[in-house]
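A.B. asks: The following block contains the structure, expressed as structure tokens.
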Amino acid sequence: MDWDFIWKSALIVIVGTFLLRIAGRKTISQMTLAETVIMIAIGSLLIQPVAGKNVWVTFMVGGILVLTLIVMEFIQVKSDGLEKLITGKSKVVIQNGVVQEKTLAKLRMTVDQLEMNLRQQNVPNLSDVKWATLEPNGQIGFTLKQDSQPVTKKEFQQLIQALESNAQQLEQLKAQLATTPAPNETMFSEIQDKHAKENFPDKLQ
């Protein structure tokens with residue numbers, strides 16, 4: 001019995017891990033179409049030595065695939081035009097709160113699928129979304145309407161500061177009111193009290 005498959009299997013795992021480590025840390029959901037094709041090709045290729053193919057030729061081809069992937073990624077960094085050609089560009093699926101049904105039809109995506117993707121990102125209603133795009137990696141990017149956006153930490157701190165400032169102003173106003181003479185202590189009440197204390201002749205009383 002040929003026991004070569006044992007060391008070949010172990011070597012496949014080691015070399016495959018090394019090749020994928022070089023290729024990058026992206027998850028499947030973050031990969032572009034070209035990256036997904038190359039990763040599938042590497043996975044299919046690495047099993048060939050177990051089927052009796054030359055293990056070293058397999059690893060060499062795998063290395064070439066990874067090198068091709070790295071070159072393509074470098075090209076995308078250097079050229080926006082080639083990046084759009086290789087990976088494509090984002091497609092607007094919701095514009096100013098309106099679902100772009102024609103764009104969805106071209107992308108072969110239903111409104112239900114769009115809602116499902118948004119729900120997975122904690123957006124329960126399409127009516128809350130102002131803009132949404134389908135990214136080249138298949139993910140949905142979106143911007144919520146102003147009244148549906150959650151409060152940020154900065155905005156919350158600003159609100160707290162405004163409330164504290166209002167509280168201080170209220171305390172100052174209370175202090176001013178406490179030192180203000182009461183209505184019965186006006187100039188007219190002082191004159192009235194003065195006349196009341198004067199002694200008038202009996203015939204006038």
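Cβ atoms here come from the backbone N, Cα and C positions, even for glycine.
Quick paste of what TrEMBL says about this protein:
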type	residues	note
COILED	153-180	coiled coil
DOMAIN	78-160	domain 'YetF C-terminal'
TRANSMEM	6-24	transmembrane segment
TRANSMEM	31-50	transmembrane segment
TRANSMEM	56-75	transmembrane segment
A.B. asks: Reported in the order helix, strand, coil, what are the DSSP residue counts of the domain 'YetF C-terminal' (78-160)?
C.D. replies: 38 helix, 18 strand, 27 coil
A.B. asks: Taking all residues of the domain 'YetF C-terminal' (78-160) together, what is their mean pLDDT?
C.D. replies: 84
